[in-house]
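S.K.: Below is one structure. I have some questions about it.
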Amino acid sequence: MTTQTSLTATFEDERYSWARTRGTRHRAVLAEAALLAALVVATLLAAGTDDGWTTSFFVVWSVGMVLFIPLHSLLNLGIRGLFDRGRHSLDEHQQGLREHSHARVGWPATALTFAAWAGAVALVAVTGHTVLALCLGFLLWFAAGLLPYWHLAWTLADEDTTEDDALPA
Amino acid sequence: MGRQPRGDADRVHDRIAVLRAERRVSRKELADAVGVHPQTIGYLERGEYSPSLVLALRIARFFDLPVEAVFSLDPLPAIGSELLRRNQ
């Protein structure tokens, strides 16, 4: 049996049904991946300079991180927040979807986590910019955590939106 | 726990949609009665999800029918043709 919480109520709110279409979910995944890739590129470009951490990089980083909030909210609404809700608020099908996506991205997530450590160590060894190395490591580790969300949002079948209350006799 | 069928041979067929229509039960009413999300009933009806034994038994109990009358590994014939066959 499932339990209704305020967080669950938000994700189940029918005002956000537009966010649950396949097209919207795909666009949210692409936007998050593009934003993350842009931040990785910006970090690498900044690391290639002598200055390293500059005000302009700080602005780019801050804007990117702030942009993640609405983007991830949109993505989460699209998948009814299956990864952020307590297990008790999910039925067996929803738990299955969550576990399936976790399992499918297990190896890529492990590889990204390893890349986060290796990339950060390599960057600090080559450029000496410790803060930027931490930024790169954080971004790749963050991407590893986002992979199950992206997998589910990309693969989830469209929901049935037909009205079923007026059933034939 | 149930799972998504990997192919047609793996699919569990059901009569949920027909029984809901016959008894004028909405997807939400059935979902609330058996403790799942209404969308899960939709996935079951479309054959995109195979239920756990517990869920299948709960749904069968809701309709007051034996589980084999609601779920089958083979495509289920229409209720009308099955009644005709039994009467012959």
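Each Cβ is built from the backbone N, Cα and C atoms, and glycine gets one as well.
Unlike curated records, TrEMBL annotations are generated automatically.
What TrEMBL records for this protein is below:
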{"type": "TRANSMEM", "residues": "A:28-47", "note": "transmembrane segment"}
{"type": "TRANSMEM", "residues": "A:59-83", "note": "transmembrane segment"}
{"type": "TRANSMEM", "residues": "A:104-125", "note": "transmembrane segment"}
{"type": "TRANSMEM", "residues": "A:131-150", "note": "transmembrane segment"}
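Please go over these features one by one and say how buried each is and what sits next to it.
M.R.: Residues 7-8, 10-12, 16, 19-21, 24-25, 28-29, 31-32, 35, 38-39, 42-43, 90, 94, 97-98, 135, 148-150, 152-153, 156 of the same chain lie 6+ residues outside the transmembrane segment (A:59-83) yet bring a C-beta within less than 8 angstroms of a C-beta in it.
Panel annotation: around the transmembrane segment (A:104-125), residues 44, 47, 132-134, 136-141, 143-145, 147-148, 150-151 of the same chain, lying at least six beyond its termini, place a Cβ under 8 Å from a Cβ of the stretch.
Panel annotation: around the transmembrane segment (A:131-150), residues 29, 32-33, 36, 39-40, 43-44, 46-47, 52-53, 57, 61, 72, 75-76, 79, 83, 98, 101-102, 105, 108-110, 112-113, 115-117, 119-121, 123-124 of the same chain, lying at least six beyond its termini, place a Cβ under 8 Å from a Cβ of the stretch.
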